[in-house]
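Shown below is the structure under consideration.
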Amino acid sequence: MDTKLAVHEDAPPLVSWVPEEGEKLEQEGEDQAKDRGQWTNKMEFVLSVAGEIIGLSNVWRFPYLCYKNGGGAFFVPYFIFFFSCGIPVFFLEVALGQYTSQGSVTAWKKICPLFQGIGLASVVIESYLNVYYIIILAWALFYLFSSFTSELPWTTCTNSWNTEYCQHALNHSGAGIGSSTENFTSPVMEFWERRVLGITAGIHDLGALRWELALCLLLAWIVCYFCIWKGVKYTGKVVYFTATFPYLMLVILLIRGVTLPGAYQGIVYYLKPDLLRLKDPQVWMDAGTQIFFSFAICQGCLTALGSYNKYHNNCYRDSIALCFLNSATSFVAGFVVFSVLGFMSQEQGVPISEVAESGPGLAFIAFPKAVTMMPLSQLWSCLFFIMLIFLGLDSQFVCMECLVTASVDMFPRQLRKSGRRELLILAIAVLCYLIGLLLVTEGGMYIFQLFDYYACSGICLLFLSVFEVVSISWVYGADRFYDNIQDMIGYRPWPLVKISWLFLTPGLCLATFLFSLSKYSPLRYNNVYVYPAWGYCVGWFLAFSSMACVPLCIVIALLKAQGSFTKRLRQLITPDPSLPQPTQQLRLDSGPGQDRRPSPAKEGLVTVEKETHL
């Protein structure tokens, strides 16, 4: 179509835009986005990320760390890491995905081929998470089904799995719910270890398969499969329920918790500041690792979820809002947890230090014990485990979606064909389920602890975070990435973010990583069982299998490249030319919020800037 523009001789000068290769690449990018799929609206993205990052660690890890590390004083190192590491790295990963429209592996390959190993390392961590994280859902489902009885089975000592050492009330000092005296154990502990786990003497004896847990695990995988099998447009609808329902449960449990006798004392223990604890480096390490755990940083999930955003989505504002939402949820969850623990402390007549637990001990020992002391105990048990299931469910299927995204983006020709995605998801689910059966054997808890302590540890995440921020801020260029972000959102983010990328984040992460190594202590199950030497070797193999991806990929890339070392290095730090390039401003003082990218699909072959201020 021939377009003629009649312009008055006194009118402002016209600037014609001749379509070049960059516009063709942009059009190809739009077509690729259609092939990959995009979020229907911003809320789907926000809820999907919220579902991923707001999980079990918000409920069972943060409150205990806060109590253990000086109460309110713990917020000092927590918020230092929050602003200097949490928000900057979180935003970096989301912006990287949105800018490249690629999953974790191919995003790093396009922006800085030398550091493609960062993406591969995140895929390794995602794979481990897909195997072991869902085991928690199987346990929670087992407890939920066990709650539909006239009397909760962990209330009494008259069940077939109880031993002669079971004692219904351990009120005396030194016999809390998670501990045992020389001769006695509690019914809730025996239900957990003998009925649910059937735990053996050690990792050398895996024992038989716990078929009830295997069925619960199968149910969890079936639900996860159907939550993501049709792509992000379908997943975006699922998270409207799975990401919001836990908040309803949290509010109900909060109201119930703060109305219990003894709740005030528990909350005081949770928040009472002990500033002397800030002298302990362990407090700072716990704050840093908690930020990386709860924000799902360096796991590839944020990059994958961001890749389904529209190019001009304001990912900066979204990232800040999601980070604050995550921390606020952790803070509120602390009131739920410690109001109940305060109630337990008063009912049993023991110090709160003897009932305070973290991790599985809180979810499957402390809380089940607490609900037995409440009226309508079956109701509160059901509500609590439903909340746990939904907190874990969306974290699990979103993590699964991110692994699928990375795989499809690596092999688009093979896996983007009709029906291939569903088969890929099915294959991954079946494989992870079969491997997961090892974790629901009678000795499976020992394997679970290895995964949790080594495979997805803070050491791995801190290691990868250093390479992430260094590759973007120092190799690709912080100013260049800021230009890309400005092209996407229309303005440049707060300068502190760039300063953090350049100095604060790599410095703090490296210091915390080195301190974590220096303070390393071998895993002990229940602080008692010592693993055999080969067990620790397996654990460190799980840890190094992800971290080793970065240096190995650097070496392999340098060996495969052609030319001198300098030429090879230059090739490997050069971004892919197909990436969107910031457009040149055709005005002198026009607003920063305007979209400066020409769209040949919408404007035709000639784009005319009718108004200038020249």
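Glycine residues also receive a Cβ, built from the backbone N, Cα and C atoms like all the rest.
Per Swiss-Prot, the feature topological domain 'Cytoplasmic' maps to 1-44, 557-614. Taken from Swiss-Prot, the feature transmembrane segment covers 45-65, 73-92, 117-137, 211-229, 238-255, 291-308, 320-341, 374-393, 423-441, 458-478, 499-518, 538-556, and the record attributes it to sequence analysis. For 138-210, the entry in Swiss-Prot reads topological domain 'Extracellular', with the evidence type sequence analysis. Swiss-Prot lists C157-C166 with the feature disulfide bond, giving similarity to another entry as the kind of evidence. The annotation N-linked glycosylation site is assigned in Swiss-Prot to N171, N183. What Swiss-Prot records for 574-614 is region 'Disordered'.
Any idea what these are sitting next to in the structure?
Within the same chain, residues 39, 74, 94, 136, 232, 235-236, 239-240, 242-244, 246, 270, 286-287, 290, 293-296, 301-302, 305-306, 308-309, 313, 318, 321-322, 325-326, 329-331, 333-334, 336-338, 356-360, 362-363, 387-388, 391-392, 394-395, 398-399, 402 sit at least 6 positions outside the transmembrane segment (45-65) and bring their C-beta atoms closer than 8 Å to a C-beta of that stretch.
Taking all protein chains in view, 21 other C-beta atoms sit within 10 angstroms of the C-beta of C166 (disulfide bond).
Sequence-distant contacts of the transmembrane segment (238-255) (same chain, at least 6 residues past either end, Cβ-Cβ under 8 Å): 43-44, 47-48, 50-51, 54, 227-228, 329, 332-333, 335-336, 339, 380, 383-384, 386-387, 390-391, 393-394, 397-398.
Packing against the transmembrane segment (320-341) from elsewhere in the chain are residues 46, 49-50, 53-54, 58-60, 62-64, 66-67, 78, 82, 86-87, 90-91, 247, 250, 253-254, 257-258, 260, 263, 266-267, 269-271, 294-295, 352, 355-356, 362, 366-367, 370: each is 6 or more residues past its ends and has a CB under 8 Å from a CB in it.
Long-range Cβ contacts of the transmembrane segment (374-393) within its own chain (Cβ-Cβ under 8 Å, at least 6 residues beyond either end) map to 54-56, 58-59, 133-134, 136-137, 140-141, 143-144, 147-149, 152, 155, 220, 223-224, 227, 242, 245-246, 249-250, 252-253, 256, 260, 363, 367-368.
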For the transmembrane segment (73-92), could you work out the same-chain residues 6 or more beyond its ends whose Cβ comes under 8 Å from its Cβ atoms?
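Hits for the transmembrane segment (73-92): 65-66, 273-275, 277-278, 283-284, 286-288, 290-292, 295, 297-298, 302, 315-316, 319-320, 322-323, 327, 465, 468-469, 472, 481, 493, 496-497, 500-501, 504-505, 508-509.
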Can we call the transmembrane segment (211-229) and the transmembrane segment (458-478) in contact, meaning three or more C-beta pairs below 8 angstroms at a sequence separation of 6+?
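No, these stretches are not in contact.
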If I count Cβ-Cβ pairs under 8 A between the transmembrane segment (538-556) and each of 117-137, 291-308, 423-441, which range comes out on top?
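Selected stretch: 117-137, with the most Cβ pairs under 8 Å.
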Can you see whether the transmembrane segment (291-308) and the transmembrane segment (117-137) are touching - at least 3 CB pairs under 8 angstroms, only pairs 6 or more apart in sequence?
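With 3 or more qualifying Cβ pairs, these stretches touch.
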Within its own chain, what residues at least 6 apart in sequence put their Cβ under 8 Å from the Cβ of C157 (disulfide bond), listed in sequence order?
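Listed in sequence order: C166, Q167, H168, P187, E190.
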Given the model, what does the mean pLDDT over the topological domain 'Cytoplasmic' (557-614) come out as?
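Looking only at the topological domain 'Cytoplasmic' (557-614), pLDDT averages out to 63.
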Under a three-state reduction of DSSP output, how is C166 (disulfide bond) classified: helix, strand, or coil?
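In three-state terms, C166 (disulfide bond) counts as strand.
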